[in-house]
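Q: Taken from Swiss-Prot, the feature coiled coil covers 170-229, and the record attributes it to sequence analysis. Residues or ranges marked as compositional bias 'Low complexity' by Swiss-Prot: 68-79, 90-100. Positions annotated as SUMO2 cross-link by Swiss-Prot: Lys123. The phosphoserine annotation in Swiss-Prot covers Ser52, Ser54, Ser83, Ser85, Ser87, Ser121, Ser193, Ser199, Ser309, Ser364 (among others). The phosphothreonine annotation in Swiss-Prot covers Thr311, Thr313, and the record cites similarity to another entry as its basis.
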Amino acid sequence: MAEPLRRRGPRSRGGRASRGARRARAARGRCPRAPRSPTRLIPDTVLVDLVSDSDEEVLEVVADPGEVPVARLPAPAAPEQDSDSDSEGAAEGPAGAPRTLVRRRRRLLDPGEAPVVPVYSGKVQSSLNLIPDNSSLLKLCPSEPEDEADLTDSGSPPSEDALPPGSPWKKKLRKKHEKEEKKMEEFPDQDISPLPQPSSRNKSRKHTEALQKLREVNKRLQDLRSCLSPKQHQSPALQNTDDEVVLVEGSVLPQNPRLFTLKIRCRADLVRLPVKTSEPLQNVVDHMASHLGVSPNRILLLFGETELSPTATPRTLKLGVADIIDCVVLASSSEDTETSQELRLRVQGKEKHQMLEISLSPDSPLKVLMSHYEEAMGLSGHKLSFFFDGTKLSGKELPTDLGLESGDLIEVWG
């Protein structure tokens, strides 16, 4: 903004004594004042703020002169030592000449007159070697993306003849050729030609080779793992005998067969005997014979209506904990009846467990069989009825009269 000129009015006049004292003090410390000049004609200064990119300063811009009355300016005091440029410019005139108030302002420049200042230094600008805008170089640039990919893969700069004489690329190509010639002179036997790029076939071959190596490593690791396994190794003779696998049917017996409690019912008693599943029933027969005080030949074991062989085992018979075996004690026979003609007849009661096998001579009446059954089953005094093939027996019949044979069944109802 322009600063308006200040007009100084006349000082207030005091008494004579004070004015004389002030003049005396001014005479001692100041230089003699310049004589006051009458009203002068000075040009009207136009105050303008100027903006410039340079460091030059212009004192003032003078417009059309006009007469402006200026008030009387007092003579300035002795110039003091100041670093300001305004004070130095004001003190340069002669002591007797009147001083003019000078105000420095910046010059407003036209945009076309603004000086061009480089942004980069000379060193930075020399390193920026840009490709010049030349039509010969533009012809070398491919227009299709496939050609661009081929050009980037090759990575070779344009030829030296296609470049303009002042191009930096030409200097670089010349230096590169000189280096290659030096290398050829130093190592004449060494082949410094660029290596050919691997084709897709070579890449696939390398891929298959890598897969083969991985398979070999996996196979070796598996072999090593089998060698370190805690399993027992068989001899090579046993391993290479036959490649066939033979399946053997049937259950394999465990090393330690388990024990279970076998229930044996004899008359009104129930005997619990711990036996092994692989143990034959002959041990049960011997135990029951010693328990009853009879000969083992007189002990008969029955499971339902089936006579059990002494050589059978609980595993083969599939006996469980809930199954019950009946033990029958056969009656003792006389010497004349111990012949090969004796009949072994089965007598079955109303209940399933009331079954007894009795040996009887063909000449003996059936009354003997009935009384023997009543004693063995503890049913003495009970009214029982015996039937053979639906015919009720009175006890007076003989086996030969009825045509009985060994293994025939006589039913008992009571």
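Yeah, the Cβs are placed from backbone N, Cα and C, and that goes for glycine too.
Each of the listed features needs to be described in terms of its position in the shown structure.
A: Computed over the coiled coil (170-229), the whole-number mean pLDDT of the model equals 74.
Packing around Ser309 (phosphoserine) is summarised by its Cβ count: 13 other Cβ atoms lie within 10 angstroms of its Cβ, all protein chains included.
For Thr311 (phosphothreonine), other Cβ atoms within 10 Å of its Cβ number 9.
Around Thr313 (phosphothreonine), the same-chain residues at least 6 positions away in sequence with a Cβ under 8 Å from its Cβ are Thr277, Ser278, Glu279, Pro280, Leu281.
A coil conformation is recorded for Ser364 (phosphoserine) in the three-state DSSP classification, outside any helix or strand.
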Q: Validating a neighbour-count step here. Other CB atoms within 10 A of the CB of Ser364 (phosphoserine): how many?
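A: I count 15 other Cβ atoms within 10 Å of it.
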Q: What's the CA-CA gap between Thr311 (phosphothreonine) and Ser364 (phosphoserine) in angstrom, rounded?
A: 32
